[in-house]
Structure formats: structure tokens, C-alpha cells
């Protein structure tokens, strides 16, 4: 949850959620499909439950 959002290196268009440490809430971002980090969640609820 503390890592910055990282969309990844590929060019897919996959909606995911990450925890924004500045706003202190989960937000939507577009994941590229590969790479990235562990601050990436399938649903808003999963992000909120974890972070």
C-alpha cells in the first residue's frame, strides 16, 4: 500500500485500484498488464480491506 502507483511496462488496458498515500484513499488506475508492483488491486473493496 505504501508503494507509488506503477502502471507497468505493457500496453494492455486493465482497470485496477491502488492506495494513494497522499489522498489516503484507494483510487482507480489503468494497469498495462505486466510489471508494476504490489500496490495493485482487482477491486476497490480489496484495496480498502488491505490498506
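Residue numbering: from 1, along the chain as shown.
Quick reminder: no glycine exception, Cβ is built from N, Cα and C everywhere.
The disulfide bond feature in Swiss-Prot is assigned to 1-51, 10-34, 26-47.
Known features from Swiss-Prot, placed on the structure.
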{"residue": "1", "record": "disulfide bond", "DSSP (3 states)": "coil"}
{"residue": "10", "record": "disulfide bond", "DSSP (3 states)": "coil"}
{"residue": "26", "record": "disulfide bond", "DSSP (3 states)": "strand"}
{"residue": "34", "record": "disulfide bond", "DSSP (3 states)": "coil"}
{"residue": "47", "record": "disulfide bond", "DSSP (3 states)": "helix"}
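A simple way to gauge crowding: the CB of residue 34 (disulfide bond) has 10 other CB atoms within 10 angstroms, across all the protein chains here.
Annotation for residue 1 (disulfide bond): same-chain Cβ neighbours under 8 Å, separated by at least 6 residues, are 19, 21, 39, 50, 51. Cβ neighbours of residue 47 (disulfide bond) (same chain, under 8 Å, six or more residues apart in sequence): 17, 18, 19, 26, 41. Within the same chain, the residues at least 6 positions away from residue 10 (disulfide bond) whose Cβ sits under 8 Å from its Cβ are 32, 33, 34, 35, listed in sequence order. Cβ neighbour count for residue 26 (disulfide bond): 21 (other Cβ atoms within 10 Å of its Cβ, all protein chains included).
Residue 51 (disulfide bond): 17 other CB atoms within 10 A of its CB, across all protein chains.
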